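Undergrad: Sharing a structure here in structure tokens format.
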Amino acid sequence: MAEKVVLAYSGGLDTSIIIPWLKENYGYEVIAMVADVGQGEELEPLREKAIKSGAAKIYIEDVKEEFVRDFVFPMLKAGAVYENKYLLGTSVARPLIAKKLVEIAEKEGAVAVAHGATGKGNDQVRFELTVKALNPDLKIIAPWREWEIKSREDAIDYAEKRGIPVPVTKKQPYSMDRNLWHLSHEGGILEDPAVEPPEDVLLLTNPPEKAPDQPEYVEIEFVKGEPVAVNGEKLSPVELIFKLNELGGKHGIGIADMVENRLVGMKSRGVYETPGGTILTFAHRELESLTLDRQTMHFKQMVALKYAELIYDGLWFTPLREALEAFVDKTQETVTGKVRVKLYKGNIYPAGITSPYSLYVKDLATFGEDNLYNQKDAEGFINLFGLPLKVRAMTQKPYQK
């Protein structure tokens with residue numbers, strides 16, 4: 001009996017041709033695994049496609065709730081954004097997909113797992129670090145690092161010779177990754193950062209110039225940093241993100257066109273659509289501005305930077321990320337309230353924040369007289385706060401330039 005390998009399968013170009021390749025080159029029995037992270041497409045047809053491509057069995061795992069609850073919301077609460085733009089939609093999904101890959105491999109008694117990430121990208125690292133963290137005994141096969149196929153055109157030719165249909169053409173070889181948090185676009189004409197993305201690239205989001213001429217107000221309610229309702233309607237985590245994707249996409253929210261620094265050492269250009277995630281990130285920051293004290297907020301901003309790097313680099317299942325999550329959860333104990341935003345032609349504007357834990361005291365902030373703040377006290381504060389500067393100026397000796 002042949003040994004088994006579990007393949008992270010999407011039905012796209014790369015994983016479609018990996019099934020016959022694994023059988024031809026390793027002699028493995030191939031078990032395909034599809035993780036439903038909210039791709040927005042019907043996944044059942046992949047059963048027939050995987051079997052026709054040579055798979056012995058296929059699992060289709062609905063992990064949308066787990067994805068949002070255990071991965072997206074912790075990232076949102078941390079405020080993790082990579083290089084000021086990227087809301088980590090692909091990055092944060094990979095550890096969950098790899099986790100399911102390991103679980104099915106253990107269930108099936110497989111000796112190996114395989115993925116379709118290329119040898120130039122970040123995903124190979126994210127998949128494999130997760131596998132190493134969860135089951136280091138599993139062999140990892142990355143065909144893109146082994147086979148003779150060197151381009152997407154070669155891959156298309158390989159598929160056509162074996163009668164495998166793929167949703168890619170040689171004229172427009174965009175690489176897309178979609179889940180309920182975002183949609184990414186890479187490859188083709190997008191590889192030239194001097195070229196504006198064609199309008200037909202956008203699938204979730206209206207171009208801002210085609211968005212409605214009237215703004216729309218949206219109210220989001222948070223409890224301990226997690227969104228729970230939109231416009232007063234309580235929603236499940238998955239329903240909430242789908243709802244905000246619809247609203248944000250209509251108004252051209254969440255389009256990020258960026259050149260990023262890949263973990264593997266090169267720069268790459270990608271176009272990301274994250275309408276709901278962009279609204280949530282904005283609203284969450286607004287609420288934190290009302291409920292977090294200055295020192296906690298500033299330190300949390302440093303944590304957010306590191307948290308984003310850990311996610312981007314595939315280090316989700318690490319002691320450091322788990323420790324940072326514990327810190328973040330502590331900061332979120334008072335991040336409860338409602339945030340009202342205005343959506344208009346690609347922009348989000350704050351339109352009101354309320355919280356039972358608000359640290360904003362109007363009497364302190366006003367420029368008028370009050371009984372809580374004596375403006376004369378400021379002189380002593382400035383003298384003490386500025387003492388190091390004064391001492392340095394008094395003791396500094398002239399030096400030659």
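Glycine is treated like the rest: Cβ placed from N, Cα and C.
The model shown is predicted, which means the values in this text are computed figures rather than measured ones.
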Undergrad: Same L-citrulline site as Tyr86, Ser91, Asn122, Arg126, Ser175, Ser184, Tyr272 according to Swiss-Prot: which of Glu196, Glu260?
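TA: Between Glu196, Glu260, Swiss-Prot records just one in the L-citrulline site with Tyr86, Ser91, Asn122, Arg126, Ser175, Ser184, Tyr272, namely Glu260.
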Undergrad: Out of Ala35, Ala80, Ala93, which one does Swiss-Prot list together with Ala8, Tyr9, Ser10, Gly11, Gly12, Leu13, Asp14, Thr15, Ser16, Gly116 for ATP?
TA: Ala35
Undergrad: Could you state the whole-number distance in Å separating the C-alpha atoms of Gly12 (ATP binding site) and Asn122 (L-citrulline binding site)?
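TA: Between the Cα atoms of Gly12 (ATP binding site) and Asn122 (L-citrulline binding site), the distance comes to 18 Å.
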Undergrad: Using a 10 Å cut-off between Cα atoms, which of these binding-site residues sit near Gly116 (ATP binding site): Ser91, Asp123, Ser175, Ser184, Glu260, Tyr272?
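TA: Within 10 Å Cα-Cα: Asp123.
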Undergrad: When you look at Ala8, Tyr9, Ser10, Gly11, Gly12, Leu13, Asp14, Thr15, Ser16, Ala35, Gly116, which the record names as binding ATP, what is the longest CA to CA distance in angstrom?
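TA: Greatest Cα separation within the listed binding residues comes to 16 Å.
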Undergrad: Which state, by DSSP, holds Ser16 (ATP binding site): helix, strand or coil?
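TA: In three-state terms, Ser16 (ATP binding site) counts as helix.
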Undergrad: Filter the binding-site residues Ser91, Ser175, Glu260 down to those whose C-alpha lies within 10 angstroms of the C-alpha of Asp123 (L-aspartate binding site); answer none if the list is empty.
TA: Ser91
Undergrad: I want to verify one value. Collapsing DSSP to three states, which class is Ser10 (ATP binding site)?
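TA: Reduced to three states, the DSSP call for Ser10 (ATP binding site) is coil.
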Undergrad: Count the Cβ atoms, other than its own, that fall within 10 Å of the Cβ of Thr118 (L-aspartate binding site), considering every protein chain shown.
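TA: Result for Thr118 (L-aspartate binding site): 17 neighbouring Cβ atoms inside 10 Å.
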